[in-house]
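Since the structure comes first, as structure tokens, the remarks are kept for the end.
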Amino acid sequence: MATKASRSAARLMMAPAVVLLLGWMLVPLCMTLYFSFKKYLPLRGGDLGWVGFDNYVRFFSSSAFWPSVQATLVIVGGVLAITVVFGILLAILLDQPMWGQGIVRILVIAPFFVMPTVSALVWKNMFMDPVNGLFAHLWKFFGATPVEWLSQASMTSLIIIVAWQWLPFATLILLTAIQSLDSEQLEAAEMDGAPALSRFGYITLPHLSRAITVVVLIQTIFLLSIFAEIFVTTQGSFGTRTLTYLVYQRVLESQNVGLGSAGGIFAVILANIIAIFLMRIVGKNLDA
Amino acid sequence: MTIKTAFCAASALALATAGGAFADSHTTTLTIATVNNGDMVRMQGLTEDFTAKNPDIALEWVTLEENVLRQRVTQDIAANGGQFDVMTIGTYEVPIWGAQDWLVSLNDLPAEWDADDILPAMRGGLTVDGELYAAPFYGESSMVMYRKDLMEAAGMEMPDAPTWDDIKAAAEAMTDKDAEVYGICLRGKAGWGENMAFLSAMANSYGARWFDEEWKPQFDTDAWNATLTDYLELMNNYGPPGASTNGFNENLSLFQQGKCGMWIDATVAASFVTNPQDSTVADQVGFALAPDNGLGKRGNWLWAWSLAIPAGSDSVDAAKKFVAWATSKEYTALVAENEGWANVPPGTRTSLYENEAYTSAAPFAEMTLNSINSADPKNPAVDPVPYTGVQFVAIPEFAGIATQVGQEFSAALAGQQTAEEALEKAQALTTDEMEAAGY
């Protein structure tokens, strides 16, 4: 049993690590908060004084704000829907005994190791390009006019690219969950005459709910800050400017650190609202 | 610690300090920030020539990709960080930073550097209030690159100085969409350095401008309407599919594959499209000046990667020696000797274009020179403007504004809105941003 002295010693020894970690997280956040109340224009003399909530009002009232929030939510929602649905299907498929199972699993997981910039470039130039892309050739083969993916279906294209990258992650988590499903339960249901769809709906899906929650929570956190794919493919044009991209434009392209910082705080608030919302709805599964 | 050991330690410390001071008094280390373009990388390979002539100066290179470089040097100079002694910057940054006194004047470079030999257009773009703030390392403009075989097949001839009507007629004649040959490829990808570089230069030749002399945005004028309408018509009728996501690299690739009849873009691309190793049409490329509309201005731009010394540098004299070396005639001769004349940094000095060895090695030399000379960054538009810059406006807010305007124009090219709608939005957002910036 720890004595009072040993507990104090433990606290003392942990203190540097705790301070370092806290500092690491808090310093950038505090600086963002600090700059969001300043008129800070690096190319116009730097710090031009306090402006109160002006940056927040300007960011919030700019015509680009709501469309960017909407774009963010559409991308996150779209990718989540695709990865969860296809993730479950793929996980069930990969769980079946088959020849070369190990290789197939590695191939399915492979996209997750491709860097976002590289995958966006590959999709843009090799698949979605309306002249040289694989899809264009496919469309032409069937006598159809090739789709100009990135401009005519920009949101769909982005969702496809990002979902391709995140599908392996979802599949991996869901496959692990499926493998822990008690096969005797399924066999018993089958012997009782339950059809495949019912077995899936009443046994497999409830069993997967916790894994789905993990997938949704983790992916949401990463997808809210999606950037490289937009930068490489559409540069925020055609309605694909997300909140992160808008902040980038304000800080680095317009060289307005104050305004961008206010946008950053908005993004943090939005992320927290979504996280709380998600925890309430799906997080309950984690308690069980 | 005994007195003896303390004495020894003190002596050692004194020696070390003296040694350091001794070394410092003899060697200056210059930190040079540069972009990872071929010409700059070549310069690093040749620096032995400089260090042999200046044994008291050591060089430290920080080589970065263009966008990263721009961010790093901007942060350093705005915060007076003093991280770099020499910076590679473009013609966009020089007038802004020079006006803020962030750069060291280069008016006192040695006489043999020969400032009068620098092309007037380049000097104009790098000078603020009579002070030269950067030395051009290599420069470029834009011009028409076209397929001679396709023009011949169409029974047409491209004039050396075409008008926009000539371009339209040629684009129509060369287009054969079934064979995947598109009459004209132009930048459509949104960005201040992508579609807006081209469209701003095109607008100049149509009599349009970004701002009037009171800094009022001009997108509500007929001249801009005509510019955008003609651009959209050209691209929709004779351009490649998906043009709204095509930038310099995409168009270069299309042209090299033989899918573009014409391409109006940077003069630096001339060497890429005529290189038989990369281009399937290398021996069929002709060059012409960027088009005009008979208003006295051509639709070509002007850009130079230049070397500048930030005011925060504590080795200004050594930095000046380096800048003078890297941008001198002797450096050009050094590259020619080592790599051949076709590889020397182009577009900065009159003497290069008077050198037969160079003009015979580079078939596009004359057109490049004419293009550069016909751009005037002080008077880019038909009407007077309050800004410097041909395809950009040298104010800090421009990059942000032009990228957003570029997105509206790109959306118009993708058919998501009309030219009028795009111009209306461009006018509104530019007015907002300029008011917020205090104009």
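Glycine is no exception: its Cβ is also placed from the backbone N, Cα and C atoms.
The annotation domain 'ABC transmembrane type-1' is assigned in TrEMBL to A:69-278. What TrEMBL records for A:12-37, A:71-94, A:106-123, A:158-178, A:211-238, A:258-282 is transmembrane segment.
A Cβ distance under 8 Å defines the sequence-distant neighbours of the transmembrane segment (A:211-238), meaning residues of its chain 6+ beyond its ends; these are 72, 75-76, 79-80, 83-84, 87-88, 115-117, 119-121, 123-124, 150-151, 154-155, 157-158, 161-162, 166, 169-170, 173-174, 176-177, 244-246, 248-249, 267, 270-271, 274-275, 278-279, 282-283, 285-286.
Among A:71-94, A:158-178, A:258-282, A:158-178 has the largest number of CB pairs under 8 A with the transmembrane segment (A:106-123). Residues 101, 104-105, 108, 155-156, 158-160, 162-163, 166-167, 169-171, 173-175, 177-178, 204-205, 208, 212, 215-216, 219-220, 223-224, 226, 239-244, 270, 274 of the same chain lie 6 or more positions beyond the ends of the transmembrane segment (A:71-94) yet place their CB under 8 Å from a CB of it.
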